[in-house]
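Pulled from Swiss-Prot, these are the features on record:
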MOD_RES   SER5  phosphoserine
DOMAIN    40-320  domain 'IF rod'
MOD_RES   ALA42  N-acetylalanine
REGION    76-84  region 'Linker 1'
REGION    185-201  region 'Linker 12'
REGION    202-320  region 'Coil 2'
REGION    321-665  region 'Tail'
MOD_RES   SER341  phosphoserine
REGION    410-439  region 'Disordered'
MOD_RES   SER420  phosphoserine
REGION    506-614  region 'Disordered'
MOD_RES   SER513  phosphoserine
COMPBIAS  556-571  compositional bias 'Basic and acidic residues'
MOD_RES   SER665  phosphoserine
Amino acid sequence: MYRRSYVFQTRKEQYEHADEASRAAEPERPADEGWAGATSLAALQGLGERVAAHVQRARALEQRHAGLRRQLDAFQRLGELAGPEDALARQVESNRQRVRDLEAERARLERQGTEAQRALDEFRSKYENECECQLLLKEMLERLNKEADEALLHNLRLQLEAQFLQDDISAAKDRHKKNLLEVQTYISILQQIIHTTPPASIVTSGMREEKLLTEREVAALRSQLEEGREVLSHLQAQRVELQAQTTTLEQAIKSAHECYDDEIQLYNEQIETLRKEIEETERVLEKSSYDCRQLAVAQQTLKNELDRYHRIIEIEGNRLTSAFIETPIPLFTQSHGVSLSTGSGGKDLTRALQDITAAKPRQKALPKNVPRRKEIITKDKTNGALEDAPLKGLEDTKLVQVVLKEESESKFESESKEVSPLTQEGAPEDVPDGGQISKGFGKLYRKVKEKVRSPKEPETPTELYTKERHVLVTGDANYVDPRFYVSSITAKGGVAVSVAEDSVLYDGQVEPSPESPKPPLENGQVGLQEKEDGQPIDQQPIDKEIEPDGAELEGPEEKREGEERDEESRRPCAMVTPGAEEPSIPEPPKPAADQDGAEVLGTRSRSLPEKGPPKALAYKTVEVVESIEKISTESIQTYEETAVIVETMIGKTKSDKKKSGEKSS
């Protein structure tokens, strides 16, 4: 989130001429000429007072002329010294060189990223080929496993069949043995019958028939027994063949398993190696992409800084040109007792410039993931005003405050929140130290101011009454005051322009009570609070009286030291300017009485010169303060630079000022 606060202060100091005081002090002459002898002494005294007043006025003019002559000599000597533009130019040149180096580094990283992408593609293609080969091997292994399972099932089936056949063979053997025993028993019985029976022709013929039948049966039984033996031998041969086939299949399956196990282990090792290489390549690619993103962010930040430096140089160049060329003489309000220390002033200026140019770079580190807001608003008041002994100075102050708030939030991806900070090889990257540069410019400014500043003189307490008007502006727009010109500022946030005008108080006027102005709305919205008759609020100058704040009486050195302490403590600095409050705190609307008593800006600008004495000398002090806040997360690094505070004083007569106001309107 970037915040820029521009505080423009304008002061007017008016001085009455001594002739008015003398005319006011001059007594009226009596009308009667007969009293000439009595009033001659009074006339002589009045003439003596007038002569003394003219002599005193001549002395004051002579002192003022001497002070202006010393200021002119001081500015001529300052013109010979080297200004802060050289330091800024060198800083800009170094930043440009840094940008060129970063661009070369980015190109190198892009080439490395391209090579890494090409290597990743090659590894991916190899990995895909290996995956395809692995799939083919897996399919082949599955097919072989299926064939082995089928062979095992077929072997089991053959074993079962062989077992059944073995059972059948054993049953047939038992049956044939029983049949053989029965046949032998029959033969033995027949032989006994033949031996025991008497020979007879009938018995012999019958026995022969039975013997023939029995021999036939024995032959049939022997043929059956031979067939059973042949079947048994055939089954035994099949059994031996099946056992041999089973053994061969078991050996083939075992060798295939061993071979495929070795190949699968080898392929698994290759796949694991390729996976590790791919993971390493992905990590390298992720790191390269992270480096590229970091370089892109750093390049964008450096471009923004270069643009800001260009704008600062252009603005300060224009302001210094207008201050030193157009109206360089009445730049300081004090003209009494100007003392210049040339002995140590040059050394101090040289040392301040060396501090600016030799600002050491600081290490760029990632802060915590907590955005911090820091707003630095610095006010610098002039140390003293010109006080003449017989003259009574009436001060008329005009305060213009412009607060420009620019807020931008960056959203990143969720994965960038967990990314560790970038660690590069070699020494860490250095960035310009804007704080030291700003402190150096502040020191240079104080040295120059102390060199040409006149010593403080006791001031008589002056009564300060301010009147203020708020005008809210949004977008690319600006507010133009007839007496003060504000350049157009590209406003991405809300712009609040506060104009406070002082009126010259004469004797008998009553001091009004101070009131607080209405703060501008948030988020850059235009607060158009209209009256009952429909007139917008930005055309109604609201008169408010503001008491001088005690903080404004501090010197510029104390304020610079306070600002440095605030920058070191990194705490947001509260706004202490009179007539302005925190823009984030809403306030109840203004009463209708103040709105009814307001007048149009043109009428006010025309009526203001009539209040002060004619031919009054006016001084104008413009102070620009810019503070840029740092945004940081764990994945993005930015730079923090504080702005350069430059104060210029432009002196014009009231007639020239009125002409410039009419041109701006």
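Backbone N, Cα and C atoms are what each Cβ position is placed from, and that goes for glycine too.
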Restricted to the region 'Linker 1' (76-84), the mean pLDDT of the model is 63
Residues in the region 'Coil 2' (202-320) per DSSP class, helix first, strand next, coil last, are 119 helix, 0 strand, 0 coil
Counting every protein chain shown, other Cβ atoms within 10 Å of the Cβ of the residue listed as 'N-acetylalanine' number 13
